[in-house]
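Visitor: The structure's right below; bear with me while I get my questions together.
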Amino acid sequence: MRDKVTGARRWVVKIGSALLTADGRGLDRNAMAVWVEQMVALHCAGIELVLVSSGAVAAGMSRLGWVSRPSAMHELQAAASVGQMGLVQAWESSFALHGLQTAQVLLTHDDLSDRKRYLNARSTLRTLVELGVVPVINENDTVVTDEIRFGDNDTLAALVANLVEADLLVILTDRDGMFDADPRNNPDAQLIYEARADDPQLDAVAGGSAGALGRGGMQTKLRAARLAARSGGHTVIVGGRIERVLDRLRAGERLGTLLTPDRSRKAARKQWLAGHLQMRGTLVLDDGAVKAVSQDHKSLLPVGVKAVQGSFRRGEMVVCVDQSGREVARGLVNYSALEAQKILGQPTDAIEALLGYVDGPELVHRDNLVLV
């Protein structure tokens, strides 16, 4: 199954606070430089990369001279504000030495729970990745409240992996992976090299609390892997202090714990599209569009749409029917009903002239279409 790692073309890499801050003694720039070298090697090998970086609060604590992690929200937010500056600058300067651009992206739970903001975040991240820029993502600790925080960056990393449809989520931690017993208490504990993410037996061995610098223990990493698995993604939980760990993972070495989904990404997404959203409208397709969608498995372009029915917003589910009313497919639209009315029957290169902007060349992308 390690071919799922070596064959992955889009990685989300999450690095924990303890690994970035030398266990609390400020940012460990030497360690960061080593990871950047490995991520640059991934990039040069044609792998698209997104980095989820913890460490803002921990770096801020060090700068402020705080020994223990505060519990008060306003103190945590103050530490995050101080630490985020240095954290992003450190990543930027280190990647720049290798000629790679980075982009800071701060997210809150609201950004991913609101459909419109979710789509905007997804479009931005996909554009950055396609441009060869490395997005550096963290939770926007300065503005979140207890009610809307992700809780830990493991969860954030899994949601980002789903957002960008990553093939692989790599969670770098201060442990070598998941063990069948607590290695701190049991010298006979064995590393679990591979398991299904939904295996209930993993819950019994994922106990233990987070470190003093972070919020996420092994239980949160297991939950993150299960969240990524819902969209068909694979997860590796692995020790960040293992020498050249990313290089060795890419080469197929059996490091850490590989947690696998129960179905492929495509099957998972199609199942979600088929059964989890309410239909908001209908697009009537001409014969050419019906063939393009159902036989050629292409995206639905505005030029092939004869009529728009119902009221829907960008990102909502619509039914695609032929001119006799027979359902052909369903999918998530890139444009609202009002916008679709203006561009139906028109070629893609006319969208900007008609609307003043372009949210996508297609009305429904083929990745967001499921045939019925």
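Quick reminder: no glycine exception, Cβ is built from N, Cα and C everywhere.
From a predicted model like this one, the values you see are computed outputs, not experimental measurements.
Sharing the features that Swiss-Prot gives for it:
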BINDING   K14, T173, D174  ATP binding site
BINDING   S54, D141, N153  substrate binding site
DOMAIN    280-358  domain 'PUA'
Visitor: Any idea what the Cα distance is from T173 (ATP binding site) over to N153 (substrate binding site), rounded to a whole Å?
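Guide: Cα-Cα, rounded: 12 Å.
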Visitor: Within 10 Å of the Cβ of D141 (substrate binding site), how many other Cβ atoms are there?
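Guide: If we count other Cβ atoms within 10 Å of D141 (substrate binding site), we arrive at 22.
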Visitor: On the 0 to 100 pLDDT scale, where does the domain 'PUA' (280-358) sit on average?
Guide: 95
Visitor: Since the record lists S54, D174 as binding-site residues, which of them has the fewest other Cβ atoms within 10 Å of its Cβ?
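Guide: Among the binding-site residues S54, D174, the lowest count of other Cβ atoms within 10 Å belongs to D174.
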Visitor: Per DSSP, to which secondary structure element type does N153 (substrate binding site) belong, with helix, strand and coil as the options?
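Guide: SS state of N153 (substrate binding site) = helix.
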Visitor: Could you tell me the C-alpha distance between D141 (substrate binding site) and K14 (ATP binding site) in angstrom, no decimals?
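Guide: Approximately 17 Å lies between the Cα of D141 (substrate binding site) and that of K14 (ATP binding site).
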Visitor: How many Å separate the Cα atoms of N153 (substrate binding site) and K14 (ATP binding site)?
Guide: 8
Visitor: As a test of the contact definition, list every same-chain residue at least 6 positions from K14 (ATP binding site) whose Cβ is closer than 8 Å to its Cβ.
Guide: L51, V52, S53, S54, N153, D154, L156, A157, L169, V170, I171, L172
Visitor: Just counting, how many other CB atoms are there within 10 A of the CB of N153 (substrate binding site)?
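Guide: Other Cβ atoms found within 10 Å: 27.
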Visitor: Using DSSP, tally how many residues of the domain 'PUA' (280-358) sit in helix, strand and coil.
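Guide: Computed counts for the domain 'PUA' (280-358) are 26 helix, 24 strand, 29 coil.
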Visitor: DSSP on T173 (ATP binding site), three-state: which is it?
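Guide: The residue in question, T173 (ATP binding site), is strand (DSSP, three-state).
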Visitor: Measure between the Cα atoms of every pair in S54, D141, N153, the residues the record assigns to substrate, and report the largest value in Å, rounded to a whole number.
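Guide: Largest pairwise Cα separation, rounded: 11 Å.
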